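Q: Have a look at this one.
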Amino acid sequence: MMEPLMDRPLRAGGSARERLTACFSLATLRACLPILGWLPRYNLTWLQMDVIAGATVGLTTVPQAWLMLRWLAYLYRPFQELPWSHGEQQQFGLCLSHAESSLISSDSYDLKYGLYSAFMGGFIYCIFGTSKDITLGPTAIMSLLCAAYIDGDPVYAVLLTFLCGVIQTTMAVLRLGFLLDFISYPVIKGFTCAAAVTIGFGQLKNLLGLKDIPHQFFLQVYYTFYRIPQARVGDVVLGLVCLTLLVSLTVMKRTLGPDSDELPVHVRAARGLVRGFATMRNALVVVAATVVAYSLEVSGHHTFTITGQTSQGLPPFQAPPFSETILNGTELSFSDIVLDLGGGLIVIPLMGLLESIAIAKAFASQNDYRIDGNQELFAIGLTNIMGSFVSAYPVTGSFGRTAVNSQTGVRTPAGGVVTGVLVLLSLAFLMPVFYYIPKASLAAVVICAVAPMFDLRVVPKFWRVRKLDLLPFLVTFLVCFWQVHYGIVGGVLVSMVMLLHGIARPKLKVSDHDVLVIELNSGLNFPAADYLSRVLYTDALQVSPPRSVVLDCHHVSSLDFTVVQEISDLLRQFQLRNAGLVFCGLSHSVLEVLLAADLSGLKHTESVEAALQTLSELHFTEGPDQAKPLLGR
């Protein structure tokens, strides 16, 4: 399995020549081009697994990308054209904004833009990405976000793709990948569990052959059960057969056990055959279902719901448009389009990154490897930049297709190249073949792929280890049923609030040795300065008589100006009340900061015992005006 590269920051020390040499070293080149880390070790076994996985993902990508765009066309049609009853419209109060309803009302919008977005990610990510599992391409969430800003205009969509790529690549160049580390493990698990439910249930309509089901999860649940009597028998039977085959092959592969030379030849051959079929199970099921559907269709029996007619033709490779002339002859400049896109230039790049990184981290954790946040930023950004040259709209990681990729046994990002080639071949030649793929077979593949991601065994672990971590998990899990990107943002915000609370309210260990000894169990930063002051005032300065304090700072690694100012005020208050404040265990860097501030009355020692000895030797007079300074520097 591929071993993704870790972030390798260059050393700050050394001469200019050494740093220049480090910039062009092999380690730096591998960090910038992760493909160099696994390509020299590439072998035939990896190639076989990548081809199988890439082909399987390709078989699901083309129909899904086209169906997604066709679904958007249906969703954003003027509201009165939706095939819902008047009672259903009133019951749910469904309405679409002008921007949404105009997405497809423009004749210039072509459904093949979804397919144009499906192939570039495989080629770019293979070179620059650090996750073996993730697949970049069009997703329903990104499609919905884009629809709110592009107003049905392909020029807006393509330019938005280019600008998103520029923003994401700039973040990578500025090394802002550390911001993605704020996506904590509870957030990732909440997201994966919720995504497994929403995506799995979202495929149920295709498994049952139902049409006109809304995409919003709660409406989807209602309408799926409401329209179960309309289920097509053929789709249900095919879906259940595909599910049974997929589950059976998966179980058989897990229970085979290792081969042994002591086994008869025919037994080993049978094991190898079963293992091969199990490895290719997703592709085999889709191909077999397509053959059955084709046979029935040509004989005049429309038994299954099939993918149907798709757009054909390769996109031209050309620079994205930076201006547009609209129907009335008015020319919109680059700045006009940017102003119209507005908040989309912030929302879409960030939401695309959050979703993609959350998926990459989830599968990296499941498959025991690590990703590099800055490289992921760069790979996604460059994919969008290059995608804009083939008329694509912004892409992000797809949870469903990534799950299929992982479950099929992909070994390196080269599986994405196979997917990209298959999409290109499909656009050029194979669209008639995809016409006959039954939706129920694709639904079965996706359901089996995402099912293992729904893992609630982590909940008891959170409860045993740290109950508070259940909060971001539950927030992410529940809000994702409303909107996935809101769930991720909500979980990240809750995690950050918990993190900031720990910084602003550090744990203090207080012990009494005739004087108070207060040990800071974590760092000391400006949000905690006022809290520490209140503790010292309450426990030492506002009691009668005031008490001296030893502040044990061996856990403190840095100070900022706000903390230094607070310490200066505390020293003055302790002197005025004829009490002592002594610091101990200061690191070299912290001591340098305090000495540079030239604080009056600063006293420090190496250990708590030395600080207690120092305080016992001090002589305090009764009046504050006669108090002797605590430190003669």
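Cβ atoms are placed via backbone N, Cα and C, with glycine included.
What TrEMBL records for this protein is below:
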type     : residues : note
TRANSMEM : 20-39    : transmembrane segment
TRANSMEM : 51-69    : transmembrane segment
TRANSMEM : 113-134  : transmembrane segment
TRANSMEM : 154-174  : transmembrane segment
TRANSMEM : 186-204  : transmembrane segment
TRANSMEM : 233-252  : transmembrane segment
TRANSMEM : 273-296  : transmembrane segment
TRANSMEM : 341-364  : transmembrane segment
TRANSMEM : 376-395  : transmembrane segment
TRANSMEM : 415-435  : transmembrane segment
TRANSMEM : 442-459  : transmembrane segment
TRANSMEM : 471-500  : transmembrane segment
DOMAIN   : 514-631  : domain 'STAS'
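Mind mapping these onto the model and telling me what they sit next to?
A: Remote same-chain residues near the transmembrane segment (154-174) are listed as 108-110, 113, 146, 320-322, 324, 334, 337-338, 340-341, 344-345, 348-349, 352-353, 374-375, 377-378, 380-388, 391-394 (criterion: CB distance under 8 Å, separation of at least six residues from the stretch ends).
Sequence-distant neighbours of the transmembrane segment (186-204) (same chain, 6+ residues past either end, Cβ-Cβ under 8 Å): 215, 217, 220-221, 224, 358, 361-362, 365, 399-400, 403, 442-444, 446-447, 450-451, 453-456, 458, 462, 469-478, 480-481, 484, 487-488, 491-492, 495.
Beyond the transmembrane segment (233-252), the same-chain residues lying 6 or more positions past its ends with a Cβ under 8 Å from any Cβ of the stretch are 206-209, 274, 277-278, 281-282, 285, 289, 292, 303-305, 438-441, 443-445, 447-448.
Within the same chain, residues 56, 59-60, 63-64, 189, 192-193, 195-197, 199-200, 203-204, 206-207, 239, 242-243, 246-247, 250, 282, 285-286, 362, 366, 399-400, 403-404, 406-407, 470, 473 sit at least 6 positions outside the transmembrane segment (442-459) and bring their C-beta atoms closer than 8 Å to a C-beta of that stretch.
Beyond its flanks by at least six residues, the transmembrane segment (471-500) meets 141, 145, 182-184, 186-187, 189-191, 193-195, 197-198, 217-218, 351, 354-355, 358, 458-459, 462, 527 of its own chain at Cβ-Cβ distances under 8 Å.
Counting residues per DSSP class in helix, strand and coil order gives 54 helix, 16 strand, 48 coil for the domain 'STAS' (514-631).
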Q: Would the transmembrane segment (376-395) count as touching the transmembrane segment (415-435), if touching means at least three Cβ pairs under 8 Å and pairs must be 6 or more apart in sequence?
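A: Contact criterion not met.
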Q: Over the domain 'STAS' (514-631), what is the model's mean pLDDT?
A: 84
